[in-house]
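Quick paste of what Swiss-Prot says about this protein:
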BINDING   G331, P332, N333, T334, G335, G336, K337, T338  ATP binding site
DOMAIN    711-786  domain 'Smr'
Amino acid sequence: MNQKTLKALEYDKIVEILKNMAKSTPAKEYFENLIPSTNLADIENELNKVDEGYRYVLKYGNPPTLEFENILPSLKKSKLGATLNPHEILQIGKVLKLSYEMRSYLSYTQDFSFLESMKKRLVNLKEVISRIDQTFLTADEILDTASPRLKEIRDRIRKLESRIRDELNSMIRDPKIQRFLQEPIITIRGEKLLLPVKAEFRNEVKGIVHDQSATGATLFVEPFVCVEISNQIRILKSQEKEEIERILQEISSLIASYCDEIETSFYALVELDIVFTKAIWAKEMNASKPVINTSGIINLKKARHPLIQKDKVVPIDIHLGKDFDVLIITGPNTGGKTVTLKTVGLFCLLCQSGIFIPADEDSQLCIFQKIFADIGDDQSIVQSLSTFSAHMKNIIEITKNADDKTLVLLDEIGAGTDPEEGAALAKAILKYLSEKGSKVIATTHYGELKIFAQQEDRFENASCEFDVKTLKPTYRLLIGIPGRSNALVISSNLGLDKGIVEMARGYLSQKTIDLDRIINEMEQKRKEAEENLELARKLKLEAQALKAAYEEEKKRFETERERIRKKAINEAKEIVERAQYEIENLFKDLRKLAENLKEKEVLKELEEKKREYERLIQSISQQEKQEAESKTKKTLQNIRLGQKVYVRSFDAVGFVESLPDSKGNLTVQIGIMKLNVNISDIEEVEEGEKKVYQTTSKNVKLREKSVDLSIDVRGKTSDDAILDVDKYLDDAYTSGLRQVTIIHGKGTGVLRQAIRNFLKRHPLVKSFRDGTYGEGEQGVTIVELRD
């Protein structure tokens with residue numbers, strides 16, 4: 001990959017962004033020197049690393065800030081036994097701390113093989129970290145805690161310095177001495193504490209003169225009383241320096257003992273910084289890992305140039321190498337042709353550098369050994385074209401080096417010279433590159449190349465869409481449709497006299513008019529196809545939504561039906577258990593009574609009645625067993641139209657309306673409903689067979705005691721009373737009662753009339769009448785239920 005191509009495709013701008021995003025000095029150097037690879041294994045390996053980093057960042061957030069310098073020279077020094085300076089030691093300490101933080105961040109790498117391997121290379125040297133932390137506050141300040149000896153020396157220095165201050169303060173407070181001083185203050189020259197003495201009183205303050213003012217009027221004197229103390233401090237300062245040197249040597253030796261582990265950890269951090277920088281950029285750009293191939297196929301979906309603002313970039317779909325090898329793009333200036341070239345070329349470079357591309361996940365790219373781009377002299381996305389000579393100089397180099405593993409991008413091929421000669425040259429160059437096996441994308445204004453692309457094998461036309469109504473490009477790439485100049489339409493829309501426009505149209509050749517008409521028809525058909533595709537997509541989504549709603553409703557119905565069934569069985573069990581308990585107690589009492597009366601026949605009859613009740617009690621369990629068995633019956637093998645069948649999922653009997661299809665689906669009519677069911681969901685119903693959903697007489701008898709013979713609705717409104725009566729009649733009928741009493745009172749007769757109007761329409765009511773004397777007369781209604 002030559003530097004001219006990298007710059008023309010603005011690859012350098014992307015790596016500069018990544019360099020600035022990287023935190024460590026080595027990672028920044030990596031991006032500064034990053035160039036695309038041509039080795040398939042290396043590219044796939046790098047993309048897989050970034051993919052792990054990308055997925056990990058999405059799931060667990062961004063990593064710690066990996067800001068550190070290159071510590072390899074310092075590690076080499078420590079290996080040789082040299083003493084490291086504080087800055088070098090602190091940088092090594094930073095790497096060790098970041099290793100610890102990164103290990104913690106990478107706590108969930110079980111499903112991330114690369115990150116797991118990196119985590120294992122990160123050392124946890126708490127001993128070294130602790131030693132560095134207790135030694136340094138900054139690179140310029142070593143703590144007293146660095147060693148007991150250092151603390152002792154510094155404590156002595158501080159005490160002596162305090163003595164000097166006390167002596168000097170005593171002197172400046174002395175009235176006899178104050179008159180010899182310029183000011184009653186202590187001044188510092190170098191590391192000495194001195195008094196500012198007036199020059200004329202030099203001999204009045206005994207001491208050593210260390211400095212004087214610029215005018216010579218003030219002498220800075222160290223009194224003799226402080227000199228001895230200062231000498232002691234000087235000796236201690238020398239000892240302090242020696243102790244610090246010893247501490248630095250000690251820490252350097254400690255680092256040297258772990259040099260290999262630290263170096264391994266350093267390299268792991270650098271690689272992690274690189275990978276996570278690429279991953280975070282991919283997240284910000286909504287980029288994805290491209291699918292790699294070696295067959296020369298490019299298929300980009302929703303590709304977005306990363307240097308165009310997100311709110312302005314228009315995604316493009318472009319493919320090359322499968323059905324055609326040369327794509328000729330035509331269209332207006334600033335319509336997106338150059339952006340398309342740069343997008344394809346840049347994406348190939350990014351992919352071969354192990355960087356995700358801002359496109360849909362299933363986008364494909366080929367690994368090219370060479371990529372050439374002729375896009376003008378340092379032309380940015382919307383700058384003017386280069387000269388003909390500059391174009392030809394680049395194209396000559398391209399034709400000499402192109403082969404079947406080459407991608408060639410040519411912007412405005414043949415431009416800058418006579419149109420006829422330029423078009424001829426363009427045809428020859430494109431034909432030559434096609435015969436070499438290169439993959440080529442070229443932009444042009446020449447109409448002849450549109451026809452050329454239609455005639456040549458493995459060539460295809462494309463255009464950048466232009467809205468003649470708004471007079472603006474849409475930046476959409478339309479493959480298979482050559483571009484139109486739109487000059488006459490645009491001129492007319494801008495207000496050019498219609499006569500001039502028609503005159504210009506008359507100057508067009510018939511060939512040009514026919515071509516323009518064909519292109520227009522193709523574009524209309526494309527728009528119709530897009531509209532139909534969009535309509536089909538919407539209809540598909542609606543159908544999927546309806547299907548999902550149906551499935552959800554069916555599931556809800558089945559769940560509710562099962563809940564009601566289980567509830568009914570549980571209620572029946574409770575009634576049975578309660579009845580069993582009452583029966584047991586009753587028989588105990590009767591047995592005692594019979595024994596006392598010595599009536600063996602009575603006792604025998606009671607025992608028989610008990611056995612009968614026990615048989616009744618087992619009916620619920622028998623019903624459950626029958627229901628379970630019904631679900632395991634074999635499905636029908638031979639089905640005929642009109643056959644009576646039981647549909648399990650609806651718990652109902654119906655009739656076959658249509659025979660099963662190849663998938664076993666058929667239509668069954670249940671009542672007024674026609675349902676599509678599967679053959680596995682139905683079973684045969686023989687004549688006289690009673691399904692488990694039919695109520696048996698035994699079960700009815702068991703529930704007789706649970707429903708009263710009458711219901712009292714006095715004092716209620718007509719609506720509330722009717723609701724209660726309706727439920728009561730259902731319960732009474734289910735329990736086997738055939739005559740019940742509704743107590744509504746006499747009153748005004750409104751409630752009685754409302755109830756009787758309701759009873760006239762009730763399907764369970766056979767007849768009803770007033771109560772007789774002793775039954776409640778007109779205050780009640782006696783209801784006879786159907787069998």
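Every residue gets a Cβ built from N, Cα and C, even glycine.
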Suppose you look only at the domain 'Smr' (711-786); what would the mean pLDDT be?
87
For the domain 'Smr' (711-786), DSSP counts of helix, strand and coil?
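Going through the domain 'Smr' (711-786) residue by residue, I get 32 helix, 19 strand, 25 coil.
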Applying a 10 Å Cβ distance cut-off over all chains shown, what neighbour count does G331 (ATP binding site) have?
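For G331 (ATP binding site), the 10 Å Cβ neighbour count is 26.
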What three-state secondary structure does DSSP assign to K337 (ATP binding site)?
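For K337 (ATP binding site) - judged by DSSP and reduced to three states - the answer is helix.
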Check the DSSP secondary structure of G331 (ATP binding site), expressed as helix, strand or coil.
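G331 (ATP binding site) sits in coil per DSSP, no helix or strand.
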Using all protein chains in view, find how many other C-beta atoms are within 10 Å of the C-beta of T338 (ATP binding site).
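Counting Cβ neighbours of T338 (ATP binding site) within 10 Å gives 24.
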